[in-house]
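What Swiss-Prot annotates here:
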- 1-26: topological domain 'Extracellular' (TOPO_DOM)
- Asn14: N-linked glycosylation site (CARBOHYD)
- 27-47: transmembrane segment (TRANSMEM)
- 48-56: topological domain 'Cytoplasmic' (TOPO_DOM)
- 57-77: transmembrane segment (TRANSMEM)
- 78-98: topological domain 'Extracellular' (TOPO_DOM)
- Cys95-Cys171: disulfide bond (DISULFID)
- 99-119: transmembrane segment (TRANSMEM)
- 120-137: topological domain 'Cytoplasmic' (TOPO_DOM)
- 138-158: transmembrane segment (TRANSMEM)
- 159-187: topological domain 'Extracellular' (TOPO_DOM)
- Asn166: N-linked glycosylation site (CARBOHYD)
- Asn167: N-linked glycosylation site (CARBOHYD)
- 188-208: transmembrane segment (TRANSMEM)
- 209-229: topological domain 'Cytoplasmic' (TOPO_DOM)
- 230-250: transmembrane segment (TRANSMEM)
- 251-271: topological domain 'Extracellular' (TOPO_DOM)
- 272-292: transmembrane segment (TRANSMEM)
- 293-309: topological domain 'Cytoplasmic' (TOPO_DOM)
Amino acid sequence: MGVTGTPSYYSDKNCTIENFKRDFYPIIYLIIFVWGALGNGFSIYVFLQTYKKSTSVNVFMLNLAISDFLFISTLPFRADYNFRGSDWIFGDWACRIMSYSLYVNMYTSIYFLTVLSIVRFLATAHPFQMLHITSVRSAWILCGIIWVFIMASSGLLLKHGQEKKNNTTLCFELNLQKFKNLVILNYIALGVGFLLPFFILTICYLLIIRVLLKVEIPESGPRDAQRKALTTIVIAMIIFLLCFLPYHALRTIHLVTWDADSCMDELHKATVITLTLAAANSCFNPFLYYFAGENFKARLRAIFSKDHL
């Protein structure tokens, strides 16, 4: 669903989008790569250090970090493609995998964040009734279901690879021959991949606020659990609003208002910017681990203390 690409005939028109992509994408992708690789790579290391003491929350966070790290590893290839002026040199299957990885990461991230918020809320509002749902074993099963569902539903992207034009090889570009199918896929992804999880996340936010206002709990343990639940949902909401909402909104507008005879440079540039915001979700998730992870700060202190000995 590479809706941020440009049709191959754009280079024959007086459009500025290609120059914008060449100047904008490489530097932003490389910044996201460095920041995201360090943050998620170190987070994975921290989660694995005390895996035997893991909780369901950390299982979801570990899978989220793995998804981000796998996607981050593809960004240098995207940066190279745009730096060369939209010329792909890494082969057809690599092109397919690059497009596929973007959407697998985006929607696994959305679902992991949503499930994290649900688990945090249930553990706070119904701690004893929901023990079987919030167990580590249940968390791994649910993570497996999410991975299989997202990877299978994104499988159509593996059908579309590189395209030869003159002396260049295009990748990530709109396929006008299958434009109607692309619009349909966008609406499905918008509904199932974004609006439904966002609705669930909003409900969790309202319910946890209700729980916090309903009764004052003096004990430090329950209070800490409620604080972490609220922190998880608030950070997830910020990531949704900052990274995923602009991209899904602009992607839909871009497809609905598509005009083959117009450059639509301003709209296209805005869509390009929102794609990098969506990719940047991988940089923000480590903040979630630090502020809302189970014993994440304590593990960090233990690791650094061990290094100084």
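Note: Cβ is positioned from N, Cα and C throughout, glycine not excepted.
Residue counts for the topological domain 'Extracellular' (159-187) under DSSP (helix as H, G, I; strand as E, B; rest coil) come to 13 helix, 6 strand, 10 coil. Here the disulfide-bonded residues are Cys95, Cys171, and the one whose Cβ sees the fewest other Cβ atoms within 10 Å is Cys95. Of the candidate ranges 57-77, 99-119, 188-208, 272-292, 57-77 has the most C-beta pairs within less than 8 angstroms of the transmembrane segment (27-47). The distance from the Cα of Asn166 (N-linked glycosylation site) to the Cα of Cys95 (disulfide bond) comes to 18 Å. Highest Cβ pair count under 8 Å relative to the transmembrane segment (99-119), across stretches 57-77, 138-158, 230-250, 272-292: 57-77.
Below 8 angstroms of C-beta separation, residues 6, 18, 21-22, 24-27, 29-30, 33, 157-162, 168-173 of the same chain, each at least six residues beyond the ends of the topological domain 'Extracellular' (78-98), sit close to that stretch.
Within 10 Å of the C-beta of Asn167 (N-linked glycosylation site) we count 6 further C-beta atoms, all protein chains included.
Stretch with the largest number of CB pairs closer than 8 A to the transmembrane segment (57-77), among 138-158, 230-250, 272-292: 272-292. Remote same-chain residues near the transmembrane segment (138-158) are listed as 1-2, 56-57, 59-60, 63, 96-97, 99-100, 103-104, 107-108, 111-112, 115, 119, 132, 185 (criterion: CB distance under 8 Å, separation of at least six residues from the stretch ends).
Taking CA atoms as the reference points, Cys95 (disulfide bond) and Asn167 (N-linked glycosylation site) are 17 Å apart. Predicted-model confidence for the topological domain 'Cytoplasmic' (48-56) is 78, expressed as mean pLDDT. Assigned with DSSP, the residues of the topological domain 'Extracellular' (78-98) fall into helix, strand and coil as follows: 13 helix, 0 strand, 8 coil. Distant neighbours of the transmembrane segment (272-292): 4, 17, 20-21, 24-25, 28-29, 32, 35-36, 39-40, 42-43, 46-47, 57, 61, 64-65, 68-69, 71-72, 75, 102, 105-106, 109, 113, 116, 120, 228, 231-232, 235-236, 238-239, 242-244, 246-247, 249-251, 300; these residues of the same chain sit at least 6 beyond its ends, with a Cβ under 8 Å from one of its Cβ atoms. Residues of the topological domain 'Extracellular' (251-271) grouped by DSSP class, helix first, strand second and coil last, total 13 helix, 0 strand, 8 coil.
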